[in-house]
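**Q** Here's a structure for you.
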């Protein structure tokens, strides 16, 4: 059977997906990754370059891939001793396995000639990034509804759900972005947070510093921030919070970010002592004035629920990893085959209790219904 190599120019198709046990998998496919030699890569052998810069696979794999022509330089097969030079084109032909996402439908909320709004499910990234290409909002809408091109005009983190606005032309996308950058757009989210949130409006005005290596943000508080110390590294950030209701254990809070920093709402809620109740990244490091004993009980309950969910998801993962061979082609050089999901995926994922509900512009407004978790019992 002849191998057909895909590139970013190949659009996703509805037959690319496998829906199983509440998860959406992508049928593994052959793909050409293209990069160009950076100055710091120069004068390394092709095998050393890949071993040092792309640590997801072992050195033995890269040796075999170069020998088999799965790694090429300027379109040519080279020996494993080949030394690369700046700006050369490197192609890596791989059997690509994308991580699965939760198999919720992407509900189309509003459709017009130049704008599309949808309800983005948690766990699905908005556009191709990292390991994700077809398992994205943009990819799924193209595959299942024939909607392309689409231009997302704002960000929603992968684990966040809710309103997503997509322009259907580059010119309309630029107009939206100009309005957002000039402060003409108001954003509203809701979150389900730990504990009884204060009844009065809370405003958190604290710099946010995102650490890309750790994948999380911190806030700059205390004397350094108050005194405007030049050593502060974070970006200015402000969020308004208003309690909608509470059941004594959790609260539903309206979140209105004035700025748009990475994880801003999540880390500002942590700063109030009321982090998102299922946000394990920030819940475990919550800055709280409440009883540490009470918060410990909340953490224990969250971990207990997570353990149960992980057990269920692991069973589903075991089933999905044993997909019949006819569902996709097993590649003898692939480091992920015969599994359907890539290595390193643990089989569990939970959407954050953070949901975008409304964007309001100078002469437009788009909204999204509340999720089930927003209705406290």
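Each Cβ is built from the backbone N, Cα and C atoms, and glycine gets one as well.
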**Q** Give the range, chosen from 265-293, 294-322, that TrEMBL lists as region 'Disordered'.
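**A** My reading of TrEMBL: the region 'Disordered' range is 294-322.
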**Q** Can you count the other CB atoms that lie within 10 A of the CB of residue 157 (active site)?
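**A** Step by step: centre on the Cβ of residue 157 (active site), count other Cβ atoms within 10 Å, giving 15.
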**Q** Over the domain 'Pseudouridine synthase RsuA/RluA-like' (115-270), what is the model's average pLDDT?
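**A** Taking every residue of the domain 'Pseudouridine synthase RsuA/RluA-like' (115-270) together, the mean pLDDT is 92.
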